[in-house]
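Here is the structure we will look at, set down as structure tokens.
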Amino acid sequence: PVGVLTLYICVHYNRSSVIQLPHILIIGVRKGGTRALIEMLSLHSSVAAAQNEVHFFDWESHFQRGLPWYLSQMPYAFPDQLTVEKTPAYFTSSKVPKRIHQMNPDIKLLLILRDPTERVLSDYTQVFYNRLQKHKRYQPIESVLVKDGEINLGYKALNRSLYYVHMQNWLQYFPLESIHIVDGDELIRDPLPEMKKVERFLKLEPQINASNFYFNKTKGFYCLRDHGRERCLHDSKGRAHPHVAPAILQKLYQFFHEPNKKFFELVGRTFNWK
Ligand SMILES: *[C@@H]1O[C@H](CO)[C@@H](O)[C@H](O)[C@H]1NC(C)=O
Ligand SMILES: *[C@@H]1O[C@H](CO)[C@@H](O)[C@H](O)[C@H]1NC(C)=O
Ligand SMILES: *[C@@H]1O[C@H](CO)[C@@H](O)[C@H](O)[C@H]1NC(C)=O
């Protein structure tokens, strides 16, 4: 509660607080761990994070309102803080890189990725729960993943995991040095080393340390400690995946083998994906 109160006072009475366009964008990927990443980045005192996913560069209705509107969606910050926004859909939207480049060609981009097969299952699971809650019909996972015995390329969630396809769009506008890739599987398993790399990429003073994280055995995840306040991510972040027939799962892992290889070549780095 003390942290919350301090924030309140700063926002309303500190004349030197400012609103700035983002210096850092978390561009995706959907279900990659973007919420965890922005929460962990917020542990750093030099970072001010937007609360919501703004969808400025990907939604026409927002983009047409222009930069003044975008600015109005940003959090109050101290002048020496860096502002960060995250919208996971940016990564897979082909018109977005050009628009961001027009705003700021020197912006720092963070991309958090997970094993593409795991990501597809997680993507399906989110849609599945949303439909379940609204009492809508849903299709079993096998029937969206496979069509006529082959992997269904028309399934959008599958496309979102073709990381090299999307990365090529970004690299037309930004050098690789402007895009830091966070290993989302590692961030969940052991957050500190990944966050240290993020600090270095953003040229932030090293500040995030082991005391910012503690392992919650019930959840099986790390939770965050921020000035003595403890918080864990929302439970939906750790939902179990649906059961998928092993043969289909195998097909999916095989399917991603080539796209993954292309991605590794593109970024000059490999990931421990199955
Ligand atoms: C996948 O998405 C990209 C970017 O939106 C698009 O250009 C491409 O045609 C899609 N591929 C398939 C097979 O749908
Ligand atoms: C970790 O960070 C906290 C808060 O920034 C600080 O109070 C503490 O001394 C640091 N611990 C270590 C071991 O550096
Ligand atoms: C650990 O996780 C459980 C289950 O979600 C939760 O009820 C509990 O409050 C958490 N404990 C701590 C110390 O974060």
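The backbone N, Cα and C atoms fix where each Cβ goes, and this holds for glycine too.
Feature list (source: TrEMBL):
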DOMAIN    22-260  domain 'Sulfotransferase'
ACT_SITE  Lys31  active site, for sulfotransferase activity
BINDING   Lys31, Gly32, Gly33, Thr34, Arg35, Arg114, Ser122, Tyr222, Lys237, Gly238, Arg239, Ala240, His241  3'-phosphoadenylyl sulfate binding site
DISULFID  Cys223-Cys232  disulfide bond
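Mapped onto this structure are the features recorded in TrEMBL.
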residue	record	Cβ neighbours (10 Å)
Lys31	active site, for sulfotransferase activity	24
Gly33	3'-phosphoadenylyl sulfate binding site	28
Arg35	3'-phosphoadenylyl sulfate binding site	18
Ser122	3'-phosphoadenylyl sulfate binding site	20
Cys223	disulfide bond	14
Cys232	disulfide bond	16
His241	3'-phosphoadenylyl sulfate binding site	13
Local confidence of the prediction over the domain 'Sulfotransferase' (22-260), expressed as mean pLDDT: 93
Candidates Lys31, Ser122, His241 (recorded positions) - the one closest to Cys232 (disulfide bond) by CA: Lys31
Length of the line joining the Cα atoms of Cys223 (disulfide bond) and Gly33 (3'-phosphoadenylyl sulfate binding site), in Å: 14
The residue listed as 'active site, for sulfotransferase activity' - helix vs strand vs coil (DSSP): coil
Distance, the residue listed as 'active site, for sulfotransferase activity' to His241 (3'-phosphoadenylyl sulfate binding site) (CA atoms, angstrom): 12
Residues among the recorded positions Lys31, Gly33, Arg35, Ser122, Cys223, Cys232 that border ligand 3 - Cβ under 6 angstroms, in sequence order: Cys223, Cys232
Inter-residue C-alpha distance, Ser122 (3'-phosphoadenylyl sulfate binding site) and Lys31 (active site, for sulfotransferase activity) (nearest angstrom): 6
